[in-house]
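Asks: Okay, handing you the structure first.
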Amino acid sequence: MNNNDLNQNRRDFLTKSAVLAAAAGTLTMSTSSAQATTAAVDKPIAVAGYVKKPQNLTDVLMNARKIMDTCAACDISGAGRCNGKGPCGETVPGMGGKRLSFVRNIEAFEEVSLNMRTVHNITQPKTEINLLGVKLSMPILTGITGGLTYNMGAANKLAFDGEMMTEEKYARGIIQGAANSGTIGWAADGIGDPLETYKRRMNVVQEFKGRAVAQIKPRTQKEIFERIDIVQQAGAPFFAIDVDSAGRAARALPGKTVEPKDLKKLKEIVNYAKIPFIAKGIMTVDEALMCAEAGCGAIIVSNHGGRVLSSTPATMHVLPSIVKAVRDRGYKMPILMDGGVRDGGDVLKALAYGAQAVLVGRPMIRASLGGGVEGVEMLFKRYHTELVSSMVLTGVADVNNVDPSILIQEV
């Protein structure tokens, strides 16, 4: 991609940012100010004080704090967790929303304790899983994240390594970092992105064939089918549609349509695709069963990071009932979850509630923006180390067989 292409992409990103934020009621921008904003993209923004060769996650978080306008990387001190109570920003698009459901996601994990069991002979617990035919080193995937401008405020800036931060560079950090860690990263679909932009992003997926997967927004069926063709040509083993993106800001983007998907449309997608289709954004028993009936390859229990509907429950609160209903009816469809996973202990808690794997969003965003491929690798290594330690200390031998008795509900 040449400099002209990069500059045009940055103009597109900034324009989408203004339109989306205005649609969400978070920004009023005149034509003249919008033009002034997009005119600035030809001059990359230098960011001072980077750690040019991050040696640890503290360095990575310091870099992420400098490049992101919408996230303060609150756990930068090492003393806390990203919990939604810091200066996250209160806009969607953005990292925050009203943050009520975001905070609930975090607190739901804190409400549950792991009960220690150490009278056993487990020293090397098994963390590998098989997800839809893909062997993973751990039950942890990156979250489905993108939108450097309108979600992260990181576009048109020079990254820690002196290169321009672009969607492709960000996606490479996520996907290659995950692949090097033996798991899978997602390439995202921006609702305002033209088809050509999506094709370029799929080039990264094709490069890491079998270790990279793709997401598609809940567009019209015709647009979804076009993107499924591209995803399959790129060699992705499966793909997801985040049906929880059918919200106000995305629907208001001129010329773009996203929509909820009923059972008929889910079946159409399943029948069209030659690879498994994962439905993301499932929060109720009846919709989980609809996905199973439609033949979805898997579902992701998710409230979109608590960003799109402020009154949703925490994903951990609805996960057990969804798992029970699906299993009681004999469906073997994998059930994943995201929202609030901040360490390896949280991963084990989700597995004990019946999830086959989890997705990690905001922490992976910071890892890629602040450390690139190596930053994502560092974070996966930390999660894996914490997961193994938690398994040994609770007497769990295999992530594929985690008994809920290891959990104690706090009162």
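Counting starts with 1 at the first residue shown.
Glycine residues also receive a Cβ, built from the backbone N, Cα and C atoms like all the rest.
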Asks: Taking LYS280, LYS324, LYS349, LYS381 as the options, which does TrEMBL list with SER302, ASP338, GLY339, GLY340, VAL341, ARG342, GLY361, ARG362 at the FMN site?
Replies: LYS280
Asks: How long is the line from the C-alpha of GLY340 (FMN binding site) to the C-alpha of HIS304 (active site, proton acceptor), rounded to the nearest angstrom?
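Replies: GLY340 (FMN binding site) to HIS304 (active site, proton acceptor), Cα-Cα distance: 11 Å.
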Asks: What mean pLDDT does the predicted model reach across the domain 'FMN hydroxy acid dehydrogenase' (65-411)?
Replies: 88
Asks: Around the Cβ of ASP338 (FMN binding site), how many other Cβ atoms lie within 10 Å? Please give the count over every shown protein chain.
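Replies: Neighbour count, Cβ to Cβ under the 10 Å cut-off: 26.
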Asks: What's the CA-CA gap between ARG342 (FMN binding site) and HIS304 (active site, proton acceptor) in angstrom, rounded?
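Replies: If we compare the Cα positions of ARG342 (FMN binding site) and HIS304 (active site, proton acceptor), the gap is 16 Å.
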Asks: Max Cα distance spanning LYS280, SER302, ASP338, GLY339, GLY340, VAL341, ARG342, GLY361, ARG362 (FMN binders), Å?
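Replies: Roughly 20 Å, rounded to the nearest whole number.
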Asks: Between the Cα atoms of ARG362 (FMN binding site) and HIS304 (active site, proton acceptor), what distance do you get, rounded to the nearest Å?
Replies: 11
